[in-house]
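One structure is given below, encoded as structure tokens.
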Amino acid sequence: MRTNSETLDPGAVARIEWSAFPFLQFRVRTGKAAMKAARKDSDREPEGNTGKAAGSDTGSDTGSDTGSDTGRNGGARGAGLGAAHAGRRAAPGAASTAAAAPAAAAFTVHDAAPAASASAASSWRAFPARQQPDWPDVAALGAVTRGLAAAPPLVAAAECDLLRRRMAAVARGEAILLQGGDCAETFAGTGTESLRGTLRTLLQMAVVLTHATALPVVKVGRMAGQYAKPRSSPVEERDGVTLPSYRGDAVNGLEFTAGARRPDAGRLRAMYDASARSLNLVRALTTGGFADLRQVHAWNQGFVAASGAGERYEQLADEIGRSLAFMRACGVDTREVATAEFFVGHEGLLLDYEAALTRVEPGTGRAYATSGHLLWIGERTRELDGAHVEYFSRIANPIAVKLGPTTTPDTVLALVDRLDPDREPGRLTFVVRAGADRVRDVLPTLVEKVNAEGAQVCWVSDPMHGNTTTAPSGHKTRRFDTVLDEVRGFVEVHRELGTHPGGIHVELTGDDVTECVGGGNAVLEEDLPDRYETACDPRLNHAQSLDLAFLLAEQYRSAARA
Ligand SMILES: O=C[C@H](O)[C@H](O)COP(=O)(O)O
Ligand SMILES: C=C(OP(=O)(O)O)C(=O)O
Ligand SMILES: [Mn+2]
């Protein structure tokens, strides 16, 4: 059967190139997939990660290269997983696999598809896949993924191509990436005020960064798909009771009961539905007036007036106001500047889900993950001979890879070879999360080696995941100053090398939560229990996010002046 994902017509794509005022403008027409697929699945061994118990100090999250992570998981076991896959396919008689036979045939039948694309939905199955749930009911998994394979794509291939071009601008130093949102989205939070708040926060940050850098800001939400979590430990222990760790709403429930923590494949369908609802709201808001520049600026003025550190930001906010007045005086109708180009992305962790939503473009034969525009591989799953790198090597979306503090230049160069063999600007982003104390040591060599290789990747800072600590109260937290210090280190390194600090990737929310310590309104350690609402990692709250944007804006400016 022929696979098909409907696309934007090329004319429409051409019309949504950068406008004169690049913060804005987003026109998308999505289409219906005509995809009838039958895919069965193979069961997998449970994750053998023997990392620290949940709730212990997360300092080690500042992490190991996945080379040593292999050690943690057991290198032999990793190889064994691959063997187990192959073995299962060769012996489909086992009761548990009978209903879950391999066959990603649905995606491999496009006659004109190049081999790489045609097998995108299935080739990863020959490689060990880390951090996958131990689904107890493989028949249910097969039924769900077959349903997803027949469902419409959530994003269009042409939108992914557009983001690739935007990311190419980032790679060339002509734009900045701002990516942010929850660590773990929840189904309960889908389509609610929280999502609006996160979107509003990102739009506010984008205006500040756009003005300070005089560069377009490419906006990508960690949203409408960020429902699956890799964990340091497969189990969590509380008061002598040990249960499977929460792996995100896509897999199991947060509640600490055996029933909730049991992986449920039906949640993959719920993830798709929740993503669709969120995307719908994001598209409506970003095109329906919510992103009106005057309104976003008014929000920023409100923030500056209310912030404990507001005085420091006043000048920049005033300048933005004057720029808007200048535009109006020149005859630009700022009321028309009311839509924003916005993309969504998530960690492409659950390969059964991503494979089921992979679609091959009939026109080009290229395969796309249609679950989101930009997908990334996490620090724990980026091993070169693993299933995630294999899957990502075969999709045409813009993709990113997280790099922790122990990442070696050889690993990075090998990732470039696997994931960006054509050295195409915009294809590959490295998200550095080395930790504030390591970034200045680790990053320069990585950047130099990649440059010497002739690859034009985007370099982005994730100042969250290398800076997680545990407060005396037991809450996982991050210090605002440390987060800021990592971003500063990241920018400094790039300035010294003459390369482009391409942007930030941040866990944040528009809510006034108390999860990270510090910031202009000074959340204290003892405040953490007040509004600690995250389902996984601590996020910057609304004010802390804007603090970060204003302070980063200062840094970009002073670096530009130097
Ligand atoms: O978001 C990233 C990871 O999923 C998260 O940091 C893991 O947290 P853990 O170390 O508590 O498992
Ligand atoms: C899991 C994440 O980060 P990392 O892979 O960098 O630990 C994340 O961004 O949610
Ligand atoms: Mn996280």
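Note that the numbers count up from 1, one per residue, in the order the chain is shown.
Cβ coordinates come from backbone N, Cα and C, glycine included.
Note that this is a predicted model, so its numbers are computed, not measured.
Annotated features in TrEMBL:
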{"type": "BINDING", "residues": "Cys183, His465, Glu507, Asp537", "note": "Mn(2+) binding site"}
{"type": "BINDING", "residues": "Arg222, Glu379, Arg380, Lys402, Arg433", "note": "phosphoenolpyruvate binding site"}
{"type": "COMPBIAS", "residues": "38-47", "note": "compositional bias 'Basic and acidic residues'"}
{"type": "COMPBIAS", "residues": "55-71", "note": "compositional bias 'Low complexity'"}
{"type": "COMPBIAS", "residues": "72-81", "note": "compositional bias 'Gly residues'"}
{"type": "REGION", "residues": "32-87", "note": "region 'Disordered'"}
Neighbour count (Cβ, 10 Å) for Glu507 (Mn(2+) binding site): 26
Neighbouring C-beta atoms (10 Å sphere around the C-beta of Arg380 (phosphoenolpyruvate binding site)): 27
Max pairwise CA distance, angstrom, over record-listed phosphoenolpyruvate binders Arg222, Glu379, Arg380, Lys402, Arg433: 18
Arg222 (phosphoenolpyruvate binding site) and Asp537 (Mn(2+) binding site), Cα-Cα, nearest whole angstrom: 13
Neighbour count (Cβ, 10 Å) for His465 (Mn(2+) binding site): 24
Inter-residue C-alpha distance, Glu379 (phosphoenolpyruvate binding site) and Cys183 (Mn(2+) binding site) (nearest angstrom): 14
Neighbourhood of ligand 1 - binding-site residues from Cys183, Arg222, Asp537 with Cβ under 6 Å: Cys183, Asp537
Listed binding-site residues with Cβ under 6 Å from ligand 3, out of Arg222, Glu379, Arg380, Lys402: none
